[in-house]
Amino acid sequence: MGSVARAKGCLGANVYTEVPDGGWGWVVGLAFFFVEVFTYGIIKSFGIFFQDLMIHFNESNSRVSWIISICVFVMTFTAPLSSMSSTRFGHRPVVMVGGALISLGMISSAFVNSVEQMYITVGVVSGLGYCLAFLPTVTILSQYFQKRRSLVTAIASTGECFSVFLFAPAFTALKDYSGWRCCLIVMGVLQSTIILCGALLRPIVIQTKQEVVHKTPIKQTETKYMLDNEQTRTSIDSVDSGVQSLSTSCTNIVGRSKEEEMEMEKKEEETGMLPGASVEKEEPSTPLLRNKLLDFSVLKDCSFICYALFGLFATLGFFAPQLYVIPLSISLGIGKDRAAYMLSAMAVAEIFGRISMGWMLNKKPIRKIYIELICVLLLCLVLVVFPFVREFWGLMVCCVLYGFMLGTVAASHIPMLAEDDVLGIEKMPSAVGVYIFIQSFAGLAGPPLGGFLVDLTVDYGAAFYSCAAGMGVGAIFLALVRPAKTGLCNRRKKQQQNSKAPSWENLTQDNKIVVELPDDFLDVDLVAEESILKINSGDSTARAKSI
C-alpha cells in the first residue's frame, strides 16, 4: 500500500498557484523531445524508402507519395479527436495509446504485399497514433511554462531534427544491409518508446491563492451581503453597517426569549453560520470551470481564421521538400550515399533554427507574429531557389538554409496559438485541435500534388515550386493576423460593449440616479424600518394615553 501511495504521489497531478516555468515541466519537455524524435522525425525520414518501394511494388512516384500523404492527413484530420480525448481522459493515457498505435502500424507495414496495404498500416494506424501522441504532449508542455514557453518548446522540438540527422544515414545503411522490411520493424520497436514518454506526463492544475484558501475547512462563513458591506461594518454583529439581516432586525425590534435564542444558536452552530446571519445556500466564490471537449467558438475569432488559413497553405511546404530532396539529388547525378547527407544537413540546420527562434521569441525585439512572418517569407524564397541548383554543394547550401528557416517556422507556428496576438493560453487546448484539423487538407494534398507535378514535368523542381506557392499564400494570411486582431475584433467588441452598456437616460429617472440593488436587500431593510416605525408609533400612543 505504501508503494502504491508513493507511485500515485509521483505520477499524480501537480498543483501550483501559478505557472511554474520549470519543476516537472522539464521532465515533460524531455518527454516531448523523444515524442518529436519518433513522430515527425520518422515521417521526415521516410523518404529513404521511396525508391525501394517504387521498385519493389512497381509503382509510380505519386502513388508511393500517398503513403505519407495519408499519414499526415489522418494525423492532422483527427486532431479534434485528440483534443477531445485529452480533455475527457487526460493527456497521459491518450499519448500512451498513440504510442502503441504508432508501433503497431509501423511493424505491421513490414509484412504488407502492396502499397494499398501500407496506406492502412502507415497511413491510417500510425497516422492516428502520431496525432494522439504529439498534440497532447505539446499542449501540456505549454501549460507548464509561461515566460520560457517559446524557448523550451523550441529546444524540445529539436528532437525531430536529431532524428533525421541520426536515423536517415543509419536506416539507409540498415536498409542496404538487411532490406527495407527489417528496417521498418526496427523503427516500429523504437517508436514504442512513446508509451514510456506518455507515462511521464503528469497533469498540471493551476489554482489561485483564493481557491486554495476556500478549500481549507472553515466552520464559520460569512454570508453574501455581510461580505458586500465589510468596509462599513464595525463588527460582525453591528447594526450600524447599513445592512441588517432579517434575524438581526427581529432580535433588535421584537425581542426573543432565551429559549428561542438557544435554539437559534444551536441551529447556527450546526449549519456553521454566524449569529444573526440569514440561512442561505453556500455559493462558491469562484465557480468551477469545465473545459469543453472541443470549442469551435475559436472559429468566430478573425485573427484565428487568418492564422488557420496560414497553416493550411504553409503545410504544403512542411513535408514535401524532405520527401523529394533525395530524388532531386539523385536526378542531378549525385550518389545515393552523398544524397542521404542532404537530410542530415537539413536536420542540423533545423536544430539551430529552432533554438534561434526560441531565443529570439524570448527576447521579443518585435512582436512574435512579425518574427514568424519574416521567417516564412525567407523560407518561401529558399524554396524558389532549389530548382536552379545543379551541383552538390549548391544543393547542400540550399538544404542548410531551408532547414534553418523551416526550424524557425516549425518551432513557432503551434506555440504561437498561446500568444495574445492569436488566441491566448486559455483557448489553446481546443484551438490546437481545430488548427491542426484545418491543416489536414493541405497535408493530404501536398505530397501527391508534388508527385503529380514531377510525373507531369519529369522535373523534381516542380515539387519545390508548389511548396513555394503554398508558403507564399500562407504568408499573406499570416500578415493579416495582427490587423484582424487589432481592427475587426476590437470593433466587434466595442459594438457589443456599447450595445450592452446602459445609456444615461436609462440610468436617470426624474433627475435621480437609480441604483440597482438585490431584492432581498431592500426587503430586509424595509421590514426593519417598518417594524421600528410601528414600535415608535406604539410608544407615542402609549405616552399619549398615559398623559
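Just so it is clear, glycine is given a Cβ too, placed from its N, Cα and C backbone atoms.
Copied over from TrEMBL, here are the features:
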- 25-486: domain 'Major facilitator superfamily (MFS) profile' (DOMAIN)
- 24-43: transmembrane segment (TRANSMEM)
- 63-82: transmembrane segment (TRANSMEM)
- 94-112: transmembrane segment (TRANSMEM)
- 118-139: transmembrane segment (TRANSMEM)
- 151-172: transmembrane segment (TRANSMEM)
- 178-201: transmembrane segment (TRANSMEM)
- 298-319: transmembrane segment (TRANSMEM)
- 339-357: transmembrane segment (TRANSMEM)
- 369-386: transmembrane segment (TRANSMEM)
- 392-411: transmembrane segment (TRANSMEM)
- 432-454: transmembrane segment (TRANSMEM)
- 460-481: transmembrane segment (TRANSMEM)
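Using a Cβ-Cβ cut-off under 8 Å and counting only residues 6 or more beyond its ends in the same chain, the transmembrane segment (339-357) has close neighbours at 44-45, 47-48, 150, 154-155, 157-158, 160-165, 168-169, 172, 322, 325-326, 329-330, 371, 375, 395-396, 399-412. Through the fold, the transmembrane segment (369-386) approaches residues 310, 314, 317, 321, 328, 357, 360-361, 395, 398, 401-402, 405-406, 408-409, 412-413, 416, 419, 421-422, 461, 464-465, 467-468, 471-472, 474-475, 478-479, 481-482 of its own chain, all at least 6 residues removed from its boundaries and within a Cβ separation under 8 Å.
With pairs at least 6 apart in sequence, the transmembrane segment (63-82) and the transmembrane segment (432-454) have 3 or more Cβ pairs within the 8 Å limit; the two touch. Between the transmembrane segment (151-172) and the transmembrane segment (63-82), fewer than three CB pairs separated by 6 or more residues in sequence fall under 8 Å, so the two stretches do not touch.
With a threshold of 8 Å between CB atoms, the same-chain residues lying at least 6 positions outside the transmembrane segment (24-43) that come near it are 14, 68, 71-72, 95, 102, 106, 130, 133-134, 137-138, 140-141, 144-145, 152-153, 155-164, 167, 187, 190-191, 193-194, 197-198, 200-202, 204, 319.
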